[in-house]
Amino acid sequence: MNDVSQKAEILLSSSKPVPKSYVPKLGKGDVKDKFEAMQRAREERNQRRSRDEKQRRKEQYIREREWNRRKQEIKDMLASDEEEEPSKVEKAYVPKLTGTVKGKFDEMEKHRQEEQRKRTEEERKRRIEQDLLEKRKMQRELAKRAEQEGDDSLLITVVPAKSYRAAANRKDPEDLDREHRNGRVSQEEEKTRHEEECRALKEAKCLSLVMDDETEAKKESRFPGKLKSTFEELERQRQENRKKQAEEEARRRLEEERRAFEEARRNMVNEEDESQDTETVFKEYRPGKLRLSFEEIERQRREEEKRKAEEEARRRMEEEKKAFAEARRSMVLDDDSPEIYKAVSQESLTPGKLEINFEQLLRQKMEEERRRTEEERRQKLEMEKQEFEQLRQEMGKEEEENESFGLSREYEELIKLKRSGSIQAKNLKSKFEKIGQLSEKEVQKKIEEERAKRRAIDLEIKEREAENFHEDDDVDVKPAKKSESPFTHKVNMKARFEQMAKARQEEEQRRIEEQKLLRMQFEQKEIDAALQKKREDDEEEEGSIVNGSTTEDEEQTRSGAPWFKKPLRNTSVVDSEPVRFTVKVTGEPKPEVTWWFEGELLQDGEDYQYIERGETYCLYLPETFPEDGGEYMCKAVNSKGSAASTCILTIEMDDY
C-alpha cells in the first residue's frame, strides 16, 4: 500500500497528464489519506512555484538594477564629454552604424529582446496549459472520490489491453524527475551564459564609446549630427547679443566722454600752472631792450579775465553738481518705500514732479562747448607762444646787428654823401620818408607815445658811436634824421603784435557772442515749450469745463468704471536716455493697469518696470533705443468697465 500511495503521489505531483485507463484500486479507508496527500502535494507545489517565482523576480530585479546602473554610468561618461545637452530630445535622422562595435551591439540587443519576448510568450502558454491540466486533474480526483463514496457501478472498468498500452506509453516518475531537473539546470546554464554575453557586450560598448570620444576629440565626426538649437533660438540669441553690444557701446561712450572731460580739466589746470610759471620766468629773464610794457599789461589783463571766467564757470559747475546730487538724494529719501521699488535699479517716483531732460541737455552742450573753446584756446595760445618766441629771437638778432653795425653803415653812407653831394642826400631823404609813410595809420598813435623813449635811447647810442669814430660836429646833425631807420623795423614788428592781439580779441568776442546767441535760442525754446504746455493744460481744463466733463467725471466715479484723471502725453527723449510714462487712474474696484507697445503687452521686468503708488501708475524704461520709439498705451480694467490712454514716444539721435 505504501508503494502504491507513493506512486500515486508522484503521479499527482507531476505535470504530465495521467491516462484515464489507469485507476489504482485502494481501500475505502485510504481515500482520506490520499486526499490529504494530494492537498499537501498541491500546497508544496504552490509553495515551490511561489518560491521559484520570487527567486526569479529577485534575480530579474537585480539584473535590471545592474543594467540601469551601467546604463547611467555610460550616460554620465557621454554627458561629461559634451559641452551642452539639449533639454528637449528631438527626433533626428541617425544613420545606421554597420561594421562597428556599436552596430553589432544594437543588432545583438534587438536579437536578445526578440528571444526574451518569445521565451515569455512560451512560458505564458505553458503556464496556461499547466493550470488547465491541474483543473482537469482535480475534477477527476473529485469524480473518483464521489464514485468511491457513492455508487460503485460508476467506476471505470480497466481494460487489460489498454492498460498495457498505456503502461507501455507511460514514463517512469524517476525519469520525469530527472528530465525536470536536467531542464532546470539547462535553463540556469542558458541564463548564466546569456548574462555573461550581455556583460561582455556592455564592456565592449563602453570601450567603444570611450575610444569614439577620444577620436572625436582629435578629428570631427564623419556622421551628421542634429542641430543644437533651432533658428528661432539663434535669432533670439543674435538679438540679445546685439542689444548687449549696444548697451556696452553706450556705456563705453559715456565712460570715454567722462574720462576725456576729466583729462581736459586736468590739462587745463596744468596749463594754467605752466602759463603762470612761464609768466614768472618771462618777468624774471626778459631782456631790458625788448620791454613792451603796453602789450604785456594788456596780455596779463586778458589772461587774468580769462582765468577768472574759467574759475567762475568751474565753480558754477561744481555748485550745479552738488545741487543735483542733493536733489537726487532727497528724491531717493522721499520715495524710499517698498510699494514703489520693485527692483534695485528702479528710479524713485515723486508724484507731481515733472522730469525735464533739457537741463541735462543744456549742461552737456555747455560742457561740449567749453571743452571745444578750451581746446581752441590752448592751440592758439601755443601758436602765439611759438610766434612770440620766434619774433623775439629775430628781434634780438636784428637789434644786436643794428646796434653793432647799423650806425657804422650810417656813418659810412654819410661820408659818401659828403663826397657825392646834395643829390644823393635828397634821394636818401625821400627814401626814408617813403619808408616812414609805409607804416599803418592805426600804429602812428602808439608810435608817437613810444618815440620819446626811443629817442633818448637813440641819442645815447649816437653819442657812444660818435666817441668811437671821433667824427666832427657835423655828424651830430644828420644822424638825427638817420636814427629812425632801425625804428621803422621796430614799428613794423609792433604793428604786427598789435594786429595779432586785435585778431585774438575779435575772435574771443565773436565766440562769446555766438555762445550768448546759442544760449538765448535754447532758453527761448524752453520758454516756448513751457508756454505751449501751459496753454495746452489750460485748453484741456477749459474744454473739460465747457463740455461738462465734471458731470461725466462724477458719473464715472459713481459708476465705478476706470477713467484717467491724467492721461498720457506725447514725449520725446534722446537716444540711450531713460523715459517715464505717468498716468492717474481711478475706479471702484481698483482697476488693473497694463502697458502696451504697438499692440503687444509689456511684461514687468528690467527693461519695462511697472511702478504703482496710489492712483498714480508709471512705466519706466531705464534706457531707450531707436527701436523703442512708437505708440504706447495704458489700459485700465475692472469689473465695471475699461479705459485706455495712448501716446507717441519719439527717439532723438544724439548728434554731438
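Keep in mind that glycine also has a Cβ here, set from the backbone N, Cα and C atoms.
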The annotated region 'Disordered' range in Swiss-Prot, which must be one of 293-317, 418-442, 468-492: 468-492
The annotated region 'Disordered' range in Swiss-Prot, which must be one of 165-198, 369-402: 165-198
Ser50, Ser275, Ser404, Ser549 - residue that Swiss-Prot labels as phosphoserine: Ser549
Swiss-Prot annotation, phosphothreonine - which of Thr120, Thr551, Thr557: Thr551
Candidate annotated in Swiss-Prot as phosphoserine, out of Ser80, Ser87, Ser559: Ser80
Feature phosphoserine, as given in Swiss-Prot - residue among Ser13, Ser345, Ser639, Ser645: Ser345
Residue, out of the modified residues Ser80, Ser330, whose Cβ gathers the largest set of other Cβ atoms within 10 Å: Ser330
Reduced DSSP assignment, Ser330 (phosphoserine): helix
Distance from Ser80 (phosphoserine) back to Ser330 (phosphoserine), taken between C-alpha atoms, in Å: 55
Per-state residue totals over the compositional bias 'Basic and acidic residues' (103-131) - DSSP helix, strand, coil: 29 helix, 0 strand, 0 coil
